[in-house]
Amino acid sequence: MTPEHLPTEQYDAQLAEKVVRLQSMMTPFAAPVPEVFRSPVSHYRMRAEFRIWHDGDDLYHIIFDQQTKSRIRVNSFPAASELINQLMTLMIEGVRNNPQLRHKLFQIDYLTTQSNQAIVSMLYHKKLGDEWRKEAEVLRDALRAQNINVHLIGRATKTKIMLDQDYVDERLPVAGKEMIYRQVENSFTQPNAAMNVQMLEWALSATEGSKGDLLELYCGNGNFSLALARNFERVLATEIAKPSVASAQYNIAANHIDNVQIIRMAAEEFTQAMNGEREFNRLQGIDLKSYQCETIFVDPPRSGLDSETEKMVQAYPRILYISCNPETLCKNLETLSQTHKVERLALFDQFPYTHHMECGVLLTLK
């Protein structure tokens with residue numbers, strides 16, 4: 001695979017290999033046959049980052065080969081959305097002959113949505129000021145004249161210049177209902193929007209008919225908690241990153257959801273609060289004991305759950321676990337399978353043509 005060519009004819013084979021690999025990894029836990037969710041074979045990534053290489057009068061996007069570290073020129077990137085590909089060409093054309101925008105530009109980051117909004121962040125090794133802003137506004141207006149709903153941001157050391165805003169609002173059709181998700185520049189969002197919809201719908205299916213409340217750790221911008229709110233009496237969710245919490249609060253209002261409460265704290269701190277080991281000012285006015293959480297949802301970082309959180313989640317009758325690293329999932333299952341059994345297993349091909357797998361498990365108390 002090269003950045004400008006996807007081996008789409010090999011898609012089925014690479015997905016089949018992942019299915020076999022996941023089944024093998026899950027054999028010790030008596031997991032059922034995985035439900036498999038395919039990705040679009042191209043234009044599936046909604047965000048991408050590129051270094052900018054200056055070559056005489058020319059400049060272009062590059063990425064670095066992960067093995068050799070050699071640079072690879074990238075004029076098109078079929079893994080990314082069609083809007084990113086369109087913007088890649090227009091940004092180079094708009095910057096190439098503009099000294100103010102070109103000088104010491106070293107990276108461009110793209111964030112797009114299925115609702116056809118875009119943020120383009122331009123990163124510099126120089127101070128940015130009014131001259132940069134004026135030229136960037138001209139470029140933005142030229143892009144908008146081509147019916148592109150785009151926002152430009154300039155970044156340098158300790159500097160961030162927003163021409164308009166630093167967010168886009170994604171709209172996703174989830175099980176017959178449109179969900180609005182605010183996505184903030186430089187914050188985590190699911191890279192594969194089509195796969196995100198399938199993950200949300202699978203999580204809804206796995207929690208259908210649930211009793212009681214839902215607890216979610218690592219909720220981000222509320223991606224899962226808001227979609228799952230329709231299956232529970234109430235949802236209590238934790239997140240540590242301030243921009244993500246702010247986005248989650250916006251998303252709660254935008255989707256007219258009244259049964260989700262977001263708390264800004266780490267999963268480890270929440271464990272201490274639930275166990276009565278520590279009191280937190282952030283929890284004033286929230287009666288944790290009033291929640292009857294029968295289900296816990298976790299979507300941890302690649303490192304998986306720490307040992308304290310493992311113990312905590314074992315106290316819940318149902319555990320829904322989305323993993324971006326099946327190896328750490330299996331490590332966690334060595335503990336969780338002592339008390340719970342794997343009811344459902346799903347493979348989400350979030351990153352086609354790579355070794356990476358995203359998967360989900362529903363665990364129920366034995």
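Glycine is treated like the rest: Cβ placed from N, Cα and C.
Database features, via Swiss-Prot:
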- Gln190, Tyr218, Asn223, Glu239, Asp299: S-adenosyl-L-methionine binding site (BINDING)
- Cys324: active site, nucleophile (ACT_SITE)
- Glu358: active site, proton acceptor (ACT_SITE)
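Positions of Swiss-Prot features highlighted on the structure.
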{"residue": "Gln190", "record": "S-adenosyl-L-methionine binding site", "contacts (Cβ under 8 Å, 6+ apart)": "Met46, Asn196, Met199, Asn223, Gln350"}
{"residue": "Tyr218", "record": "S-adenosyl-L-methionine binding site", "contacts (Cβ under 8 Å, 6+ apart)": "Thr238, Glu239, Ala267, Val298, Asp299, Pro300, Pro301"}
{"residue": "Cys324", "record": "active site, nucleophile", "contacts (Cβ under 8 Å, 6+ apart)": "Pro301, Arg302, Gln350, His356, Glu358"}
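Most Cβ neighbours within 10 Å, among the recorded positions Asp299, Glu358: Glu358 holds that distinction in the structure as shown.
In the three-state DSSP assignment, the secondary structure recorded for Glu239 (S-adenosyl-L-methionine binding site) is strand. Per the record's binding annotation for S-adenosyl-L-methionine, residues Gln190, Tyr218, Asn223, Glu239, Asp299 show a top Cα-Cα distance of 16 Å.
In this structure, Asn223 (S-adenosyl-L-methionine binding site) is part of a helix by DSSP. Taking the binding-site residues Asn223, Glu239 in turn and counting surrounding C-beta atoms within 10 angstroms, the largest count is reached at Asn223.
Each of Phe188, Glu216, Cys219, Gly220, Asn221, Gly222, Phe224, Ser244 belongs to the same chain as Gln190, Tyr218, Asn223, Glu239, Asp299, is absent from that list, and has a C-beta within 8 angstroms of the C-beta centroid marking the S-adenosyl-L-methionine site. For the recorded site, Glu358 (active site, proton acceptor), the DSSP three-state label reads strand.
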